[in-house]
Amino acid sequence: MSTDYREKRKYPFVKSFYFALRGIWEGVKTERNIRIHSMMTVVVILLGTYVSLNWIEWLFVLIAVTGTVALELVNSALERVVDLVTEEYHPLARQAKDMAAAAVLLYAVFSVIVGIVIFLPKLIST
Ligand SMILES: Nc1ncnc2c1ncn2[C@@H]1O[C@H](COP(=O)(O)OP(=O)(O)OP(=O)(O)O)[C@@H](O)[C@H]1O
């Protein structure tokens, strides 16, 4: 990659927005976990509407679901960067991928706890 390319790389805001949307689309297209979490996001939003969450509950639920998908995207981006740097086995590559996966796992546990705390009492009482 030449320095020249970096100097020219000043895109307007709308174009940067387009790149981000393209990143979401690439993630959904190529990563099974992102597809699963995106579908779960839709299900959770429908369920939240059905049980009439209040605004604080919505806030927690949205932080949980959007955070999970966002972290999955970062994890997938990091996997690609690692694969770009090396296709050989390398302890640092392993650590980088394992740590990124661990971040997703931790956040997924938080999301499940949020889901249980908010939805379980409502579903039991309906
Ligand atoms: N170049 C590498 N060097 C060392 N270990 C690696 C390397 N690439 C992958 N690994 C190990 O294999 C694991 C799985 O890596 P991989 O790239 O297949 O991701 P993944 O978790 O299967 O991703 P996904 O299923 O989300 O696509 C990593 O967490 C890491 O422990």
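Keep in mind that glycine also has a Cβ here, set from the backbone N, Cα and C atoms.
Copied over from TrEMBL:
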type	residues	note
BINDING	E31, E79	divalent metal cation binding site
BINDING	E31, E79, E88, Y89, H90, K97, D98	ATP binding site
BINDING	E72	substrate binding site
ACT_SITE	E72	active site, proton acceptor
TRANSMEM	99-120	transmembrane segment
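A map of TrEMBL features onto the structure.
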residue	record	Cβ contacts under 8 Å, 6 or more apart
E31	divalent metal cation binding site	E72, S76
E79	divalent metal cation binding site	K97, A100
E88	ATP binding site	none
Y89	ATP binding site	none
H90	ATP binding site	none
D98	ATP binding site	none
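Other Cβ atoms within 10 Å of the Cβ of the residue listed as 'substrate binding site' number 23 in total over all chains.
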